[in-house]
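Look at TrEMBL and you will find 24-35, 53-75 tagged as compositional bias 'Polar residues'. TrEMBL lists 167-324 with the feature domain 'Nephrocystin 3-like N-terminal'. Feature annotation from TrEMBL assigns domain 'EML-like second beta-propeller' to 797-960. For 1-77, the entry in TrEMBL reads region 'Disordered'. The repeat 'WD' annotation in TrEMBL covers 704-745, 747-788, 790-831, 833-874, 876-917, 919-960, 962-1003, 1005-1046, 1048-1089, 1091-1123.
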Amino acid sequence: MGKKRFGLGKGKTPGKERKETEAEQQPQAGDTETVGSREISIFKSIERFMSRSGRNSPTISPSTVPSEKNLSTPAEQGVERIVREQPSTKGLATQSSQQIFSNASDFEIRNAEVNNIGGDQINIVNNYAIGEVALTKLKGELQPVLNPVQKTDECLEGTRVQLLKDLCNWVVKPESKLAWVFGIAGTGKSAIAVSLAQRFRAMNDDLKLALTFHCVKGQETSKVSSLVPTICYHLAKVFPEYRVKLAQKFEVDASLNSIGLPLQQQIETLLDRTLFYSQSTLKVVIIIDGLDEWGSSNEWKILSESLIALCFQFNWFRVVITSRPQTEVDKAINASVAVETFDLMKRYHADEDIHLVLTEGLKKPATWSIVGSHIEKLVEKANGLFIWAKTVQTFITGGMDEIGRLQLILGLPGEDVEEGNPYKELYILYAGILQESFQSPKDQSHFRNVMAVLFAVMEPVSPTVLSKLMGSNSPWVVEKILHVMKALVYERDGKLYYHLSFKEFVTSSLASDGFSCQLPICHQFVLNNCMSILKKELKFNICDLESSDVKNASVKNPPLQDRIQEKVGAHLQYSCMHWATHLDRAGNRADEILDSVGDFMNGKWLIFWLECMSLLGRMYNLKENLSSIALWAKSIEDTKIEDLAVKAARLMNAFTLPLNESTPHLYVSALSMVSQLNWFDIVRKHLKKGVQIENFDLSSQLLTINAKSEVTSVACSPNGRNVVSGSSDQTVRIWDTETGKQVGEPLQGHTDYVLSVAYSPDGKHVVSGSSDQTVRIWDTETGKQVGEPLQGHTDYVWSVAYSPDGKHVVSGSSDQTVRIWDTETGKQVGEPLQGHTHYVRSVAYSPDGKHVVSGSDDQTVRIWDTETGKQVGEPLQGHTHYVWSVAYSPDGKHVVSGSSDQTVRIWDTETGKQVGEPLQGHTHYVWSVAYSPDGKHVVSGSSDQTVRIWDTETGKQVGEPLQGHTDSVWSVAYSPDGKHVVSGSSDQTVRIWDTETGKQVGEPLQGHTDYVRSVAYSPDGRHVVSGSSDQTVRIWDTETGKQVGEPLQGHTDYVWSVAYSPDGKHVVSGSSDQTVRIWDIETGKQVGEPLQGHTGYVQSVAYSPDGKHVVSGSSERTVGMWNTQVLHDQAFTSYAHSPPNEPCNIDSQGWLHTLQSDSKLILWLPPNVRGGFADSRQVLTIPSNANDFAVKVDWSNFVYGENWIQMWKDKD
């Protein structure tokens, strides 16, 4: 058996693998490091930190310190691991195969028998393949950055020698954990990272470099969500056992979305220490370069503290971070004992190194005799900044007159830059180079145009894209400018970059008029050119998709990504993605851009833009862009553009799922349906085909979240992206309003119903109140409880709210008190606020935080002074039953309350008087009320299963009730922008709504075991049918009084009504299980599937005289009519409305698709029409807007599949 280098993929060379992953071979044997006394002395503080952040503490004590002695040979370690642990490997190859001899570099087995003590099959031949399967799975699940920015500039030979030596010595010390290399911009941090990585790779006997991650603004590597998954992917390439266990974690939890997790949860879930073996025979290091170009200060802190904690858990783990000083890595918890600092400005002054850089870069036979004598002066001017030296070197050697350029640099004045600015010499240098390079006004104009695009673009672009975004027909102009600017602008991996200090200079007041660029003007310039590109290049079906019956992921020959690359150029992709951002940043320049944007939004380009964003998979960005456009239009009072943007956003909100999955359904489903609403003139003009659904309307309900238990309270996050819910299952859950998916794990800790939840003003915390008599605060980032429960109440906590500054929480309880809590200390502030004589059901802070309002079962509303704890004025009296909900208006001048007396009332906080008449309309208890952010409306939720919106000025109900819930609505809240309302209900759902669109002969017939609810004679009078609360239908012989046959069973709740068909062959029944069922009395069998659509008890059923229809009446106040003829056609396997000769079903995602194994997509259906669409037997619903209403579908003008392109005609 030949030698084999473990960890290399089939067909990969070591060099190629190193470039891709820096993890080309498995760890080598070596001594396990001991844990020094330094770690042991700080164990308790680390344990406290781990406990606070919700992670298991590392076990660091003399008794658990790993031995310095090798366990055995690497091969024996692999066998020992198999014997010691046999984890579950559901869906993957067994780990036993993967781990055998996993640490061995070279080995062979001859004439030997391997005894498998565990009893599992061991297949040595497939060891490597198993690892590849797991790694392939992780690549898809983690979505790591596979092609990151590769910085190649390294430290010149002979420079940074002491620093690199110190870092190499540091990394092998047993007590080392995290190194922080920091300095201001231009001190060469990235070059240090590249050089350090090279030295670490050469230390194979001591350590393994798993990853070098260069953070660059605007690139993938600057995304917060990408760093941790990328670290995990590369650690998985180093550690086979971690690789398999992590893959198993995704196998077990199919809902785990690594990119979608908050940073803290990413770390805790993906870098869970139980996934690793705690011992390793060599050290593993990762380098994170440019941390200041990634994330925010809060995320720097979370990452630093988490990496420090991991280093304490695993004594083989090392981290090197480079950044500007502001990341303050040394301020993290336990940094004083874990972080070694390497200060590039004080500890490692760079004058000697810069001297060497300049000498090597400028040493030429023809000029050195002159240049060499000025090196010391140049070093002094560099002031420790390598970027200055590099720029000077490139500038001098890039021109014909090197001596002249040198003299220019030496003669640069310094009076224009303020003293004490660390970039003084650098800014002077920039000014001098620009003045020398662009002397004529025309050249300076070309410079400003190129820089306008370069500084305004939202991500690095290629020279070709830059040229197109300039609107230039002369790419040679860009080429020449960039050539002249090569000292300041450089190209890497085909993209253009510049040092941030250069942009800071040119966009500041320090740059002269000929070179100064104002960013708002830059954004306007790019916006105008984006508009031109979009109008010129966007078109219908830009990627030539042949059929609408497949999803984007299934497009073949060529696949969609290849089509995008060919048909949607990089400049067009950029324009689609970012034009709205440039519009937002262009400043108050409405007159100059209004016409261009107006033409775009009113024309067909709007529709083609939506198509392109769907192809690119950028639906979330699209909705952000539309919101930004609407706000811009509102700010300049252009109601037409605002209306178009709002309607387009509504369209995208309603059809996000299909447009993420199949772009043709922008036309086939979305536009086809909304064309009936006449939203877009351009659609009515060009859309020539499509399905027609009578009385179609987009539901104001945007999203239904299945919470799987009774939802008692909901609240929107301040940014509107999440909803928090409290539930009878004792949990608090956070939901993504975009996808309806749960974010992270449930927040667990309460021991009884969670009755109320609220977000803190900054969105970082959630407070909850519970029947367990406690108030708890949760960290939304980590999902962990903050501190101990707030205890003091002696009965249920019905309501909680944050003060406007987030420093206090108020709670109301059945113990008849209101209490205020300090969120920092968890202590109660002052005495309880007492005065109510019954349960306190609801509390809220005034906008200025000076008052609290409370509502109670004593039928009063009371206002309290938060400073004194005293009641302000008399109780607000008027309600005639319990007050369940209270809220302040945004200006603090009014309070709204909702009550069991079925009214909503508004009160003047100054006078204590009721404002106007009660808001009446609900037909049952009002459980919850909330003000809109602008104070113009109030939303209420009730036991009548509706949500209603009221005009606070007129007291009138706005539009129809929001219907959809099938049980009491317990909680309502407005989104921060007032465009949406969220509601929670006993029907176990959370729903989001758009506020804009808003019946005895002889002996008793005995057999039933519960109430008999309904009886009816057969047409010939020979039989009687009965329905009962025992869930059965029975038929009786009127002559004998005996039961005929077996009971007709199928209903799962009370049977309220039964009736015979006119021919006596069938019986229809209606039940509390919300279904209508038809029975064959000859066979006693149910005919077809239940007729479903009602959302309440079906309390009455009857046949039409001709027997062709059944009519049903339900407790949700609707009447349904059903076609019974469909039931008898046995060829039907589905009752869904379908195109001719294409029987279809509706899946859980809302797709109407054919029944074949190679199912074809027909339509995507919004939630409000699915119920009626699912059953073509339902032909009428009274009222027509009831839940799951009957739909009438006209397929005569419908095209799909390969004919879908007939839908749109560009010509009139």
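One is the number of the first residue shown, and numbering goes on along the chain from there.
Placement of Cβ uses the backbone N, Cα and C atoms for every residue, glycine included.
Mean predicted confidence for the repeat 'WD' (1091-1123): the pLDDT average there is 79. Long-range contacts of the repeat 'WD' (790-831) within the same chain, counting only residues at least 6 positions beyond its ends with a Cβ under 8 Å from a Cβ of the stretch, are 755-762, 765, 767-771, 773-777, 837-845, 847-849, 852, 854-856, 864, 866, 869. If one looks beyond the repeat 'WD' (747-788) by at least 6 residues along the same chain, the residues whose Cβ comes under 8 Å of a Cβ in the stretch are 52-54, 262-265, 268, 302, 712-719, 722, 724-728, 730-734, 794-802, 804-806, 809, 811-813, 821, 823, 826.
Within the repeat 'WD' (704-745), the DSSP-based counts of helix, strand and coil residues read 0 helix, 22 strand, 20 coil. The repeat 'WD' (1048-1089): residue composition by secondary structure is 0 helix, 22 strand, 20 coil, according to DSSP. Tertiary proximity for the repeat 'WD' (1091-1123) is limited to same-chain residues at least six positions away from its ends with a CB under 8 Å from its CB atoms, namely 945, 966, 1053-1054, 1056-1063, 1066, 1068-1072, 1074-1078, 1171-1172, 1174-1183, 1186-1190.
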